[in-house]
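Now, the feature entries from Swiss-Prot:
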{"type": "ACT_SITE", "residues": "Asp81", "note": "active site"}
{"type": "ACT_SITE", "residues": "Glu176", "note": "active site, proton acceptor"}
{"type": "BINDING", "residues": "His79, Asp142, Asp199", "note": "Zn(2+) 1 binding site"}
{"type": "BINDING", "residues": "Asp142, Glu177, His381", "note": "Zn(2+) 2 binding site"}
Amino acid sequence: MKNKLIERLISYAKVDTQSNENSQTTPSTPGQLALANMLVEELKEIGMKDVTIDENGYVMATLPSNTEKEVPTIGFLAHVDTATDFTGKNVNPQVIEQYDGKDIVLNESLNVVLSPKEFPELADYAGHTLITTDGTTLLGADNKAGISEIMTAMEYLIAHPEIKHGKIRVAFTPDEEIGRGPHKFDVEAFNAKFAYTVDGGPLGELQYESFNAAAAKITCKGTNVHPGTAKGKMVNAAKIAMQFHAALPENEAPEFTEGYEGFYHLLSIKGDVSETSLSYIIRDFDRDRFNERKDTVQKIANNLKAKYGENSVTVDMNDQYYNMREKIEPVKEIVDIAYKAMKNLDIEPVVKPIRGGTDGSQLSYMGLPCPNIFTGGENFHGKYEYISADNMVKAANVIVEIVKLFEERA
């Protein structure tokens with residue numbers, strides 16, 4: 001199983017599937033469709049049924065039930081795209097057998113080193129087979145490891161018909177990294193009662209709480225006049241933008257928060273004297289505090305408008321997704337089953353909130369309750385990304401164990 005997982009991850013990683021938030025198509029990039037079509041062929045090859053791909057690149061497939069029992073249909077999902085934070089072009093994965101616990105030179109010429117001094121958890125992987133980058137791209141284990149694990153678990157179940165299970169649905173989706181993963185996902189066609197995204201990080205992660213999330217674009221407009229004759233006339237949009245940001249609570253930013261703490265995150269600032277725009281994301285686990293944060297943004301804008309004029313500041317704010325806990329709590333047994341599956345395999349479940357979102361955040365509000373389980377990866381979205389192949393085996397085994405437990409409980 002381990003070699004199969006490594007082969008799959010490497011072959012998927014080599015397809016550039018970075019999504020693009022400025023594109024209006026679905027999927028947002030052609031590489032995602034290329035990988036989706038590869039996955040369709042592979043699903044057919046391993047013996048999955050009802051394999052489909054729609055015009056938006058959503059792949060679905062079925063493993064039919066092999067039990068007499070009435071078992072609820074469950075699904076497993078992963079996304080094909082990689083993050084916009086770092087290049088996913090020409091990914092060249094490195095396989096390190098029997099990792100010795102020391103520095104890993106990812107790229108000698110560029111002096112890129114993956115070191116336990118910088119990443120202390122790396123030392124815990126001594127003895128593991130690791131898959132790393134070559135120091136010039138991300139790896140794409142987020143979420144191609146999830147795809148590999150789902151595919152390998154399905155192949156295992158097909159090869160072992162003595163393992164009884166209900167109907168299983170599988171889906172591979174585009175554009176998760178730009179928040180659009182579920183936008184064109186056909187929940188009705190998928191037709192599962194519950195599902196799991198296989199999109200978590202280190203071994204044992206089990207998540208059913210996500211942020212409430214909004215995006216805000218603040219546009220500040222000024223009046224540009226020759227600086228030599230600007231007294232009493234110039235209004236500097238860049239300075240209005242600086243005042244806006246300075247009015248937000250300084251310590252409520254990603255670099256100062258953890259656990260259940262929310263934040264305002266300035267993604268980008270662009271502009272000049274005439275016009276400057278600020279792009280933020282707003283995050284909180286608690287719905288009331290989330291709404292308070294959005295109110296704070298609006299109040300600061302209103303104060304600046306009072307000072308500089310009605311058209312000086314505009315706020316364009318929209319909600320992106322909500323904390324899936326609200327939709328999963330009523331069917332908490334799906335979390336309990338995943339918890340028990342890990343325990344059965346001597347994996348210590350690490351139940352913690354996702355300081356982010358998954359496709360499951362939105363799908364849970366679309367009628368498909370969808371917690372998240374680990375892939376085994378670390379340091380997603382950058383050149384220091386790596387994954388333990390040994391823990392990928394454990395993730396695939398957890399999928400198999402979840403399926404068994406649903407059948408046993410029926």
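Using N, Cα and C of the backbone, Cβ positions are placed for all residues, glycine too.
Predicted, not measured: the structure shown is a model, and the values here were computed from it.
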Next item on the list: Determine, from DSSP, whether His79 (Zn(2+) 1 binding site) sits in helix, strand or coil.
Entry: strand
Check: Around the Zn(2+) 2 site recorded as Asp142, Glu177, His381, what other same-chain residues have a C-beta within 8 angstroms of the site's C-beta center?
Finding: Thr82, Ala83, Asp85, Leu138, Gly140, Asn143, Phe380
Note to self: So if I draw a 10 Å sphere around the Cβ of Glu177 (Zn(2+) 2 binding site), how many other Cβ atoms end up inside it?
What the structure shows: 24
Notebook entry, point to check: To the nearest whole angstrom, what is the C-alpha distance linking Glu177 (Zn(2+) 2 binding site) and Asp81 (active site)?
Noted result: 7
Checklist line | CB-centroid shell, 8 A cutoff, Zn(2+) 1 site His79, Asp142, Asp199, site residues removed | finding: Ala78, Asn143, Gly146, Glu176, Glu177, Thr197, Val198, Thr358, Asp359, Thr375
Next item on the list: Can you check which residues sit near His381 (Zn(2+) 2 binding site), meaning Cβ under 8 Å from its Cβ, same chain, 6 or more apart in sequence, and list them in order?
Entry: Ala83, Asp85, Phe86, Leu138, Asp142
Check: When the number of other CB atoms within 10 A of each residue's CB is tallied over all shown chains, which of the recorded positions Asp81, Asp142 has the maximum?
Finding: Asp81
Notebook entry, point to check: Of all the recorded positions given, Glu176, Asp199, which residue's CB has the most CB neighbours within 10 A?
Noted result: Asp199
